[in-house]
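Working notes for the structure below.
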């Protein structure tokens, strides 16, 4: 079987959960309030970056064990997990673009558009709990296969 280490994945899933809990504080903020608070913009940008990075780390760990030697872009890694039915193909397609926002936040490729980041808050709060559930289901499947 694979040498996937559940503890690596579980640790990152817990981090995603903690980050999502903090991001929920911004769930009902108005766009005007968000745009007028540089501090809130920085906090949400960082939380979105951390959520996405933890998912990327999970994806990389799983794929490195399933397809040793093959490398994927962060976007492709989400799609690949959909092909393996670890994520539903629908979720994989929906969530994969979040890796692009993460790259913009980390590397500041372009000016960061606070309107885009604002919209990403509700997206992350909807999609990443699904990601966590589907990865947890995959871990349960692995555990059952190893019993």
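A Cβ is built for glycine as well, from the same backbone N, Cα and C atoms used for every other residue.
As written in Swiss-Prot, here are the features:
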ACT_SITE  102  active site
ACT_SITE  107  active site
MOD_RES   109  O-di-AMP-tyrosine
MOTIF     102-109  motif 'RX(4)HXY motif'
MOTIF     107-113  motif 'Y-loop'
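Counting residue by residue with DSSP, the motif 'RX(4)HXY motif' (102-109) contains 6 helix, 0 strand, 2 coil. Ranking the active-site residues 102, 107 by other CB atoms within 10 A of the CB puts 107 at the bottom. Confidence in the motif 'Y-loop' (107-113), given as mean pLDDT, stands at 73.
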